[in-house]
């Protein structure tokens, strides 16, 4: 690979080559700086199970909201609509999308590929050809529409429809990608753009903050990279969804009313059935969570209506529990109604006696329940999904503008501020594979990131070709922080900086600002390395002097763990969302709270932080807030900051040996479970390393397994093999004071997050050597945050029980 920014190569050794000798020889070549093993990652979701709709389908006018008139909610929320009204479309900017490819035949994405098309450049790194078609996933096609979709029958356009696109297919149909393919795709995208027009960003380069109801420090690569804009995911003010169309009638009247439902598994056949509600309250949290009363009528000839059981409720239950209890009373068809305006796909495919399930929005379920409670008869008329039409349902969302609960959190493990800022990514209507309908609604940071990419393009057209750091600073300084939302309740304090960064981008404010801050945030680090005097500069590019007033605005302080590593080191681990908050905030001192900056001039401000007091330091508290900067010219900016109120070096990295998180394990077809000390593992004698470095060995063999769970991330983790009793002489080396045979496959690993990867040992070391039979021991060493890689005392260490390795042939 020879690119403008990178020169290197990836290679695979032939099975007949002595891997250890070959790797040693290559490492010693003068032109080789460093080598890394190629590993695979899941960087985008597998093709989602989503309702889709085609170009030709229509919808009731009141259920559709047009974007071409400037009212498309994601654009209004981010001020894209204001720039579009000024004629700013991203024209002249080229955006590269490193993803699953693009279905460029889609009419809303230009219908063609190459010069003169919307998608002008690209390459397929999966199949190794010049055709970047998205053949199977749809993720990249959805991303492309968010950026640049042209006018279509569903009434929306991309945020920057004037750009051209580059499509670089790196992810396979399972959403997976090897490191070398990503490196090649990013560099090819950059070089293609450099030969044509400016390259603002790519969907994947903007950062992956995916996606789970997790707590702090869960942002993934590449979002945590230095200089990369990690993106938070904000909730859309409306909730579009393609729902299957159906009707219902009241008291047998002929004027049936329409409603929409989301098909589950199994989907409904065509049916006309009376609706029967298990509970007469729309506030119940445990509907059908317990066996139904003995006087419950036979439910086989009705459409059973039940409320979704909210997971946050103390008496809640699972969908499976509800299904089983209903089936015990003869139910065949069940319709859930959601607790919100959203719907989800119910899976009742496990062995029960149901013949159809689905979900309607809360509004529909509450309407039916009200009618039933008033003594009316409600009959649902449902057509099977293969012949039913669909419509776009788009109600207002009361949580619109808040951070989505599934948006992953910063900071990164170098305590830099992540995410930088965010955009609307929840419930986004965009293009999809033509073979799967052409349009769908998806959610996640995968949708927020391309919105930010489009914002970069608009900003670059509006302001000219500024450097990336200045663009990032403008978007950060003008972003709008929002209140803390824990998934259930909104609080009267700003959401943690580690969750929202600078807040929701406001691209028109960024385009018109005459003030430029030198940085996009301030990182105060931990208590051992506290930045006692941080600096930033305010530059006035306007024609007149401006006086700026500086103030401190606090944001929520949050705990990373429910347990303290000081009092309960074994119980300490990163907590799930929502994290607990603490009633304590940092204070800031300024070198001057009021500054005057002449036209064309700049001034440096010194910020002196005092971390919050009275916190449980063992729970890894993360604090943050904002410096509000208000100018006499009417401009208003904010500068986010964050820090950790404990010593990171004292935080344990690894779970010590137990039977759940860290243990010597056996890995076979029955699962993973602990193995006693000195267990003998008899496995086939390997002939060399697997052809795929990420290849998973067969579970039928029962390989020895090192299960070592990380409590937090580590910049360097190594899993080595210690020889205890080996009959055949074997070469060893001393690493960090311990004599080892070598490292396991894919080790050492740099910059690994928390978690527990499987480490099956096939008898082959990372350098390709096959170890002889004997008695061995696994040792895991993980570098502490801010530790010195050369010092053994800076590592957290786990030694697993010894085991015996034998070969069957």
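Yeah, the Cβs are placed from backbone N, Cα and C, and that goes for glycine too.
As given in TrEMBL:
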type	residues	note
DOMAIN	90-488	domain 'Peptidase S8/S53'
ACT_SITE	99	active site, charge relay system
ACT_SITE	139	active site, charge relay system
ACT_SITE	446	active site, charge relay system
DOMAIN	523-641	domain 'C5a peptidase/Subtilisin-like protease SBT2-like Fn3-like'
REGION	679-699	region 'Disordered'
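Under DSSP, residues within the domain 'C5a peptidase/Subtilisin-like protease SBT2-like Fn3-like' (523-641) fall into helix, strand and coil as 3 helix, 58 strand, 58 coil. Mean pLDDT for the domain 'C5a peptidase/Subtilisin-like protease SBT2-like Fn3-like' (523-641) in this predicted model: 96. The separation of residue 446 (active site, charge relay system) from residue 99 (active site, charge relay system), Cα to Cα, is 10 Å. A Cα-Cα distance of 8 Å separates residue 139 (active site, charge relay system) from residue 446 (active site, charge relay system).
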